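Beneath this line is the structure, given in structure tokens, with notes to follow.
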Amino acid sequence: MAALVLFGGGGDLAMRMLLPSLYFLDHDGLLPDDLKIIGAARSEESAAEYIAKVRETCEAKAKADNVWDEAVWKRMEARLDYLAVDATSAESLKPLKDKVGQGSVTSFLAVSPSLYAKIVTAMRAAGLAEVDDRVVLEKPVGRDLKTFLEIDDAVADAFSENQVFRIDHYLGKETVQNLIALRFGNTVFEPLWNAQNIDHVQITVGETVGVGDRWPYYDEYGALRDMLQNHMLQLLCLVAMEPPSDLDPESVRNEKVKVLRSLRPITHDEAERVTVRGQYVGGLVDGKLVKGYDEERGQDSDTETFVAIRADIDNWRWAGVPFFMRTGKRLPEKRTEIVIQFKPLPHSIFDYEDGEPQANKMIIELQPEEDISLTVMNKKAGLDSRMQLQPIKMSLSWGFRDKHDTPPRRRIAYERLLLDALKGDSTLFVRRDEAEQAWKWVDEVSEAWVDGDVKPQEYVAGTWGPDGSDMLMARTGRDWNTTDA
Ligand SMILES: NC(=O)C1=CN([C@@H]2O[C@H](COP(=O)(O)OP(=O)(O)OC[C@H]3O[C@@H](n4cnc5c(N)ncnc54)[C@H](OP(=O)(O)O)[C@@H]3O)[C@@H](O)[C@H]2O)C=CC1
Ligand SMILES: O=C1O[C@H](COP(=O)(O)O)[C@@H](O)[C@H](O)[C@H]1O
């Protein structure tokens with residue numbers, strides 16, 4: 001028997017994402033027949049009470065996608081169990097060890113990262129870190145390089161690196177994996193994918209939600225550590241990495257680490273010019289009045305809810321190509337996209353009044369829709385004496401959109417990642433040295449902010465961040481993408 005233990009099995013992540021993902025995997029026949037799923041948290045509740053809550057969340061999600069099936073639920077229900085444990089205590093984990101028996105155990109730590117070190121130490125003492133066992137860690141692991149290493153050293157005392165699965169749920173998103181297919185499954189793009197042809201890259205992760213009740217966690221981390229250190233740098237790596245020799249986890253991750261190592265450090269003198277911190281004040285989002293961050297927090301805070309950064313990658317492929325990243329809460333749209341802005345024509349033969357031909361642009365959209373599109377210029381139909389051009393957007397995801405095709409169900413990113421963790425495939429997980437390099441780069445930024453006393457600039461909720469964000473682009477003669485994918 002194999003077992004998946006969800007530490008924090010009653011928490012927000014487990015209930016909203018992990019357990020519905022497991023239902024969907026079971027629905028598609030992708031879970032091993034003998035897999036047991038055990039929720040483990042401190043709350044004293046019976047297995048029946050826990051399972052009733054799991055049913056509620058799975059049913060709601062599955063009905064929304066029209067895939068609720070009582071027979072699947074019966075199968076899933078038979079897998080489920082619950083045990084009240086304090087995961088930081090080896091003594092408390094002993095009954096869990098007895099419950100999982102002899103098979104391999106994958107333990108998902110869906111708990112506060114401040115508990116990781118204590119939990120893995122207790123797991124080791126309780127016999128839950130045997131050679132066939134695995135541990136899955138949610139981000140953020142640590143708050144900076146120092147705390148990352150402290151936690152990760154404790155993890156390394158209990159598990160070897162091939163047993164550790166550091167999750168970045170962005171790597172489970174379908175379009176992120178499609179980016180790998182696009183770059184390395186085609187010959188047409190790769191020769192263009194470099195400083196000769198690309199002017200710059202933009203990565204935007206805009207959210208309309210505020211921080212709300214999550215402030216006890218968020219106030220200590222801010223947008224830089226919550227989003228940029230992990231999700232955004234991972235996206236940057238996938239855009240910028242060299243072709244790996246194969247899809248082996250080590251080959252892919254070696255290439256990503258090389259990118260992170262090539263990121264130019266942001267010096268204290270430069271921080272004000274190439275980084276922007278923002279914090280939302282009250283405003284209108286989706287037509288509703290919302291509070292400012294300080295009001296939600298209940299006191300003044302210097303934590304940023306928005307960050308924009310210009311990153312430079314010092315290698316041959318990307319010399320002189322800035323990568324602009326921005327992310328924030330309470331922005332006007334939920335929008336996640338990567339924009340590859342190609343260079344303008346070296347010389348235009350079209351001199352008409354409506355302006356010059358626009359440079360080609362590839363938009364890789366992750367949210368709200370998943371799509372990859374390429375903007376190209378073509379001729380406006382007609383008999384004008386002077387040829388008129390217009391930009392058209394070609395969707396490169398047309399296969400999904402064919403009217404005779406049912407689009408595949410949009411999967412939760414955790415489905416792919418849970419499946420891979422259960423199989424032991426770590427390609428889409430973050431290796432220790434990747435996380436280490438990412439923290440190193442991010443630490444330099446946060447240290448520069450502290451030393452230079454760089455405070456967040458205010459932005460009104462429902463706008464695209466503080467003015468400084470537009471200025472960051474304008475200083476280089478560029479602007480943020482405003483076209484939809
Ligand atoms: N929620 C989300 O959308 C996201 C969350 N994450 C990460 O996922 C992790 C969990 O977050 P989230 O679900 O929001 O947190 P919650 O606070 O909602 O859940 C935490 C869970 O941990 C349990 N817990 C706390 N202490 C112990 C302990 N000593 N032993 C066993 N269980 C314990 C709690 O239950 P009890 O009190 O009963 O013990 C609770 O079920 C964090 O690392 C977070 O950063 C990452 C991305 C998104
Ligand atoms: O990890 C996190 O991600 C979410 C955004 O995820 P998405 O898949 O909805 O884009 C973010 O809201 C949260 O603050 C952060 O911890």
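Glycine residues also receive a Cβ, built from the backbone N, Cα and C atoms like all the rest.
Unlike curated entries, TrEMBL annotations are predicted automatically.
Per TrEMBL, the features are:
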{"type": "DOMAIN", "residues": "5-178", "note": "domain 'Glucose-6-phosphate dehydrogenase NAD-binding'"}
{"type": "BINDING", "residues": "Arg42, Lys139", "note": "NADP(+) binding site"}
{"type": "BINDING", "residues": "His169, Lys173, Glu207, Asp226, Lys329, Lys334", "note": "substrate binding site"}
{"type": "DOMAIN", "residues": "181-481", "note": "domain 'Glucose-6-phosphate dehydrogenase C-terminal'"}
{"type": "ACT_SITE", "residues": "His231", "note": "active site, proton acceptor"}
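Overlay of TrEMBL feature records on the structure.
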| residue | record | DSSP (3 states) |
| --- | --- | --- |
| Arg42 | NADP(+) binding site | coil |
| Lys139 | NADP(+) binding site | coil |
| His169 | substrate binding site | helix |
| Glu207 | substrate binding site | coil |
| Asp226 | substrate binding site | helix |
| His231 | active site, proton acceptor | helix |
| Lys329 | substrate binding site | coil |
| Lys334 | substrate binding site | coil |
Where the C-beta lies under 6 angstroms from ligand 1, the matching binding-site residues among Arg42, Lys173, Asp226: Arg42
Pairwise C-alpha maximum, in angstrom, for the residues (His169, Lys173, Glu207, Asp226, Lys329, Lys334) that bind substrate according to the record: 20
Rounded distance in angstrom between the Cα atoms of Lys139 (NADP(+) binding site) and Asp226 (substrate binding site): 8
Where the C-beta lies under 6 angstroms from ligand 2, the matching binding-site residues among Arg42, Lys173, Lys329, Lys334: none
Sparsest-packed among the recorded positions, when each Cβ's other Cβ atoms within 10 Å are tallied, from Arg42, His231, Lys329: Arg42
Binding-site residues listed as Lys139, His169, Lys173, Lys334, least Cβ neighbours within 10 Å: Lys334
Binding-site residues listed as Glu207, Asp226, least Cβ neighbours within 10 Å: Glu207
Between His169 (substrate binding site) and Arg42 (NADP(+) binding site), the C-alpha gap once rounded to whole angstrom: 25
Reported mean pLDDT - the domain 'Glucose-6-phosphate dehydrogenase NAD-binding' (5-178): 96
